[in-house]
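Student: Take a look at what TrEMBL says about it:
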TRANSMEM  28-50  transmembrane segment
TRANSMEM  96-118  transmembrane segment
TRANSMEM  138-159  transmembrane segment
TRANSMEM  180-198  transmembrane segment
TRANSMEM  210-229  transmembrane segment
TRANSMEM  259-282  transmembrane segment
TRANSMEM  302-323  transmembrane segment
TRANSMEM  335-357  transmembrane segment
TRANSMEM  377-399  transmembrane segment
REGION    410-468  region 'Disordered'
COMPBIAS  451-468  compositional bias 'Basic and acidic residues'
Amino acid sequence: MTQLGHLSGLAAATGTPAADFSDTPWWLSLIKAVLLFVFLLVQTLLVIWFERRVIGRMQQRPGPNRVGPFGLLQTLADGVKLALKEDLTPKNADKLMFIIAPIIAGAMAFVSFAIIPVSGNVWMFGHYTPLQLTDTPVAVLLVLAVAGVGVYGIVLAGWSSGSTYPLLGGLRSSAQVISYEIAMGLALVAVFLYAGSMSTSQIVLAQGHGVWYIIPAFFSFIIYVVTMVGETNRLPFDLAEGEGELTGGFHTEYSSLKFAMFFLGEYVNMFTVSALATTLFLGGWQAPPGIAAIDGGLFNHGWWGVLWFVVKLWIFMFFFVWLRGSLPRVRYDQFMKLGWKLMIPSTLVWVVVIAFIRASNAGFLGETQVSLFGRNIHRATLIVIAATAVLVLAAAWIWDAGAARRQEAADRTQVPDEVDPFAGGHPVPPLPGQRLVEPMPVLTAASGPRVTRESSREDDVRQKEPRG
């Protein structure tokens with residue numbers, strides 16, 4: 001087998017997008033763009049209602065149930081009320097950037113979804129066209145790049161508000177995205193190695209010829225799910241807008257439609273990262289394996305893909321809602337430690353393991369053995385060694401976290417038996433098990449007790465009391 005043949009074996013598909021837009025005129029692309037925009041708006045209205053109803057159920061209350069059937073129109077009513085609110089601009093704000101920031105945050109959220117294939121080829125107005133706005137050989141990287149640009153809206157909102165809390169929220173958001181986009185990008189490398197392409201349509205097609213990538217790249221899927229929560233500023237990772245610390249975070253000074261743009265962008269970003277997870281790990285718009293085999297794949301063509309895509313999408317949306325109603329907000333140091341000390345190193349090791357497996361299956365490491373450091377080692381041995389390295393890394397992190405907790409608990413228990421409550425200049429209550437040191441009496445120059453304001457007041461009270 002030639003080197004070119006080895007390369008073809010390593011890649012499951014070519015880098016060329018599978019979507020064919022040759023029969024798609026410009027006006028049809030415009031119609032698909034409008035339909036995509038309306039689809040995201042309607043889905044956002046529904047998911048806000050769904051979130052409030054589910055969290056209400058978790059908190060044993062009904063949730064919105066007044067406006068419209070089952071309260072479905074409550075979100076629309078809230079949107080109209082928000083649009084009619086007074087639009088305020090702080091006096092010290094940079095007015096131009098203050099206006100541009102929510103536009104950037106909202107627009108980039110919609111742009112990212114344009115590369116996601118919602119279904120395969122369908123008939124629309126006499127043309128056979130993919131139900132996807134566009135695709136490129138590096139489509140997934142383009143989604144990540146657009147998501148990174150959207151963060152500029154949050155950073156600019158914090159900086160241009162001319163206030164302390166929005167600025168801190170913007171700085172937190174930038175640090176959060178830098179930390180978790182690295183882990184997210186590394187998690188997707190395993191998918192690229194299996195699919196042999198970064199085109200979204202090609203990745204979906206590659207999963208149709210085998211298993212969904214959630215099975216061979218399960219660890220990448222777990223890492224991506226954690227990072228997508230951090231990317232969307234959702235609980236438990238909504239540190240950029242923590243109410244208890246930063247009031248409202250980067251959008252504290254925003255109101256009316258400007259605030260609505262941030263609100264809309266957050267939920268559209270949730271749909272975007274969920275759609276990307278569906279495309280990369282759950283087969284995209286393709287039907288589940290059991291249903292896809294019925295009647296020669298009848299339910300795996302045409303408009304049926306929209307149904308399977310939306311069902312998978314809403315599974316992730318329920319996951320977002322469940323997290324918000326179940327978990328508290330993490331501390332900032334815990335959040336950064338999770339990203340830099342666990343997720344990034346472990347994902348790097350995982351990518352190396354997947355690269356070894358793919359290279360071994362393609363024959364790059366020889367048929368049975370590979371020469372390494374002057375010795376012939378079986379390729380299965382390399383896979384075992386790589387898997388062992390992953391387990392050792394995970395065990396080391398767990399041990400380090402447990403040791404830190406044990407040391408902290410030991411420090412808390414090691415308290416002195418006696419404590420001076422005035423040692424620091426102000427009274428401090430004793431801890432359980434401690435005994436207060438009795439203060440020594442202060443004597444005056446006449447060897448008598450010092451007269452204090454409290455003692456003189458007590459003497460005055462005694463003198464005024466009537467004598468029997």
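Cβ coordinates are placed from backbone N, Cα and C, and glycine is handled just like the others.
TrEMBL labels come from automatic prediction, so no person has curated them.
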Student: In terms of Cβ proximity under 8 Å, which residues at least six beyond the ends of the transmembrane segment (259-282) contact it?
Tutor: 40, 43-44, 47-48, 79, 82-83, 102-103, 105-106, 108-110, 112-113, 116-117, 140, 143, 147, 150, 153-154, 157, 188, 191, 200, 203-204, 212-214, 217, 220-221, 224-225, 228, 231-234, 250-251, 309, 312-313, 316-317, 320
Student: Checking distant contacts: for the transmembrane segment (28-50), what same-chain residues at least six beyond its ends satisfy Cβ-Cβ under 8 A?
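Tutor: Contacts of the transmembrane segment (28-50) (Cβ under 8 Å, skipping residues fewer than 6 from its ends): 21, 64, 71-72, 74-76, 79, 110, 113-114, 118, 124-125, 127, 129, 131-134, 264, 267-268, 270-271, 313, 317-318, 321.
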Student: State the residues, same chain only, that lie 6 or more residues beyond the ends of the transmembrane segment (138-159) and have a CB under 8 A from a CB inside it; answer 'none' if no residue qualifies.
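Tutor: The answer is 17, 94, 97-98, 100-106, 108-109, 111-112, 115-116, 166-171, 173-174, 177, 181, 184-185, 188, 191-192, 198-201, 203, 231, 233, 240, 249-251, 254, 262, 265, 269, 272-273, 276, 280.
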